[in-house]
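A.B. asks: This is the structure, below, for whatever I ask next.
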Amino acid sequence: MSYFTFRGETLHAEDVAVSDIAAEHGTPCYIYSRAALEASFLAYGDALAGTDHLVCYAVKANSSLAVLDVLARLGAGFDIVSGGELERVLAAGGDPAKVVFSGVSKTADEMARALDLGIHCFNLESEGELEALNCVAAEKACVAPVSIRVNPDVDAKTHPYISTGLKENKFGLAIDEALAVYQRAAQMNHVEVVGLDCHIGSQLTDITPFIDTLHRLLELVDRLADIGITIKHLDLGGGLGVTYRDEQPPSVADYMDEVRRVLGDRPLKLLFEPGRSIAANAGILVMRTEYLKSTADHHFAIVDAAMNDMLRPALYQAWMDIQPVQRRSGGHLTTWDIVGPVCETGDFLGKGRELSLSQGDLLAMFGAGAYGFVMSSNYNSRPRAAEVMVDGTAVHLVRRRETLEDLLRGETTLTES
Ligand SMILES: *Cc1c(COP(=O)(O)O)cnc(C)c1O
């Protein structure tokens with residue numbers, strides 16, 4: 001079900017006309033739906049009912065405080081990849097005891113803060129990280145809960161930039177290396193082995209790579225048990241795909257049913273780290289058409305959003321659906337390249353779109369709730385967009401648009417004369 005739907009000819013976010021939000025808060029503007037976030041998060045809990053589990057939303061997909069707040073109220077755990085994300089989770093009211101800390105390179109300061117807060121688990125990616133964490137925990141005379149991220153060498157069959165489970169990737173440790181690192185961990189006084197984790201990639205539209213991975217992880221759990229190391233939880237990462245165009249990813253329910261079937265009655269707690277599948281279709285990016293420009297063989301619709309606001313088309317050649325906020329019946333269709341004002345040929349949001357467009361029209365990009373605002377920058381000295389959360393008929397401005405003053409904050413010219 002979508003929470004961004006046309007009522008008559010007018011696009012709504014839940015019960016609010018998108019054009020009303022644009023009139024009040026300007027463009028470009030990200031709009032999130034609280035109900036959509038809740039529904040996609042709760043789908044995991046429903047599918048895992050009766051199984052010991054923790055769903056840790058991957059903060060990097062969309063780290064707005066309001067998004068984290070909505071999920072924290074539902075009892076979500078959080079998967080973080082930096083100390084900054086940890087502070088966001090705290091500021092939004094998230095429970096640190098439900099935080100897992102991922103990422104290839106956690107600093108000693110980040111480890112110390114996470115230990116003080118008593119996070120659920122450190123997902124370690126190298127022996128170096130394990131040694132460092134043991135030292136930090138020793139200084140605090142405490143014991144750090146750890147899991148090792150394994151790289152199962154499974155092809156997630158997704159875009160190379162978002163595929164992370166092949167042996168040539170920088171992420172995780174090969175299964176045999178992991179075994180040795182687990183043995184090392186078991187000898188340490190200030191870490192406790194609690195889990196085993198992986199994350200093989202993003203935007204997966206097939207269950208098979210997940211299940212192949214699960215089988216490989218279970219083999220490792222058994223090998224570890226043989227040498228006296230008990231794994232209490234299995235963290236299968238995130239990665240479930242969403243529909244941007246015509247992809248048909250498995251439902252959360254189908255994926256979880258298959259996982260539970262393979263797991264059988266093993267006494268393992270299940271963790272997941274979904275990001276995209278929770279946030280992507282809970283957000284749109286609204287923009288206004290500034291100019292229409294035609295060259296010998298192209299029609300360009302130049303909009304006020306750009307690659308600095310939404311990087312996915314430029315970075316991943318991602319196809320994102322773009323539709324007028326106000327549908328016009330019987331309009332003349334033209335094939336448009338929808339581009340931003342940034343001085344880069346790679347600055348496009350959509351190519352070859354058949355639309356009936358006039359200067360000043362509002363457009364909405366769908367599926368923009370994940371890996372959208374979080375990847376935005378100030379390139380070309382463009383202030384970042386406003387973010388709004390809709391909840392039924394209520395509209396909350398959850399991040400005001402940046403000002404030109406914000407752009408210069410923290411900078412100085414040379415002070416010498
Ligand atoms: C990015 C990431 C996720 C979330 O991936 P999605 O494809 O957005 O679900 C989960 N875990 C780790 C370690 C990640 O790096």
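In case you wondered, yes, glycine gets a Cβ from its N, Cα and C as well.
Because TrEMBL annotations are produced automatically, they should be read as predictions rather than curated entries.
According to TrEMBL, the protein carries these features:
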- 30-369: domain 'Orn/DAP/Arg decarboxylase 2 C-terminal' (DOMAIN)
- 37-280: domain 'Orn/DAP/Arg decarboxylase 2 N-terminal' (DOMAIN)
- Lys60: N6-(pyridoxal phosphate)lysine (MOD_RES)
- Gly239, Glu273, Pro274, Gly275, Arg276, Tyr371: pyridoxal 5'-phosphate binding site (BINDING)
- Arg276, Arg312, Tyr316, Glu344, Tyr371: substrate binding site (BINDING)
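Just tell me what is around each of these and how deep it sits.
C.D. replies: Taken as a whole, the domain 'Orn/DAP/Arg decarboxylase 2 N-terminal' (37-280) shows an average pLDDT of 95 in this prediction.
Listed in sequence order, Ile80, Val81, Glu85, Gly275, Val374 are the same-chain residues six or more apart from Lys60 (N6-(pyridoxal phosphate)lysine) with CB atoms under 8 A from its CB.
In this view, Gly239 (pyridoxal 5'-phosphate binding site) is surrounded by 30 other Cβ atoms within 10 Å of its Cβ, with every protein chain counted.
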A.B. asks: Work through the binding-site residues one by one (Glu273, Arg276, Tyr371) and name whichever has its CA nearest to the CA of Arg312 (substrate binding site).
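C.D. replies: Given the candidates Glu273, Arg276, Tyr371, the nearest one is Tyr371.
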A.B. asks: In this structure, which of the binding-site residues Glu273, Glu344 has the fewest other Cβ atoms within 10 Å of its Cβ?
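C.D. replies: Counting other Cβ atoms within 10 Å of each of the binding-site residues Glu273, Glu344, the minimum falls on Glu344.
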A.B. asks: How many other Cβ atoms sit within 10 Å of the Cβ of Tyr316 (substrate binding site)?
C.D. replies: 16
A.B. asks: Between Arg276, Arg312, which of the binding-site residues has the fewest other CB atoms within 10 angstroms in the structure shown?
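C.D. replies: Among the binding-site residues Arg276, Arg312, the sparsest Cβ neighbourhood within 10 Å belongs to Arg312.
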A.B. asks: Rounded to a whole angstrom, what is the C-alpha distance between Pro274 (pyridoxal 5'-phosphate binding site) and Tyr316 (substrate binding site)?
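C.D. replies: About 19 Å separate the Cα atoms of these two residues.
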A.B. asks: Name the residues of the same chain, 6+ apart in sequence, whose Cβ is under 8 Å from the Cβ of Tyr371 (pyridoxal 5'-phosphate binding site)?
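C.D. replies: The list for Tyr371 (pyridoxal 5'-phosphate binding site) reads Ala61, Asn62, Gly275, Arg276, Ala280, Leu311, Arg312, given in order along the sequence.
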A.B. asks: Near ligand 1, which of the binding-site residues Gly239, Glu273, Pro274, Gly275, Arg276, Tyr316 are found, taking a Cβ distance under 6 A to any of its atoms?
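C.D. replies: Near ligand 1, sequence order: Gly239, Glu273, Pro274, Gly275, Arg276.
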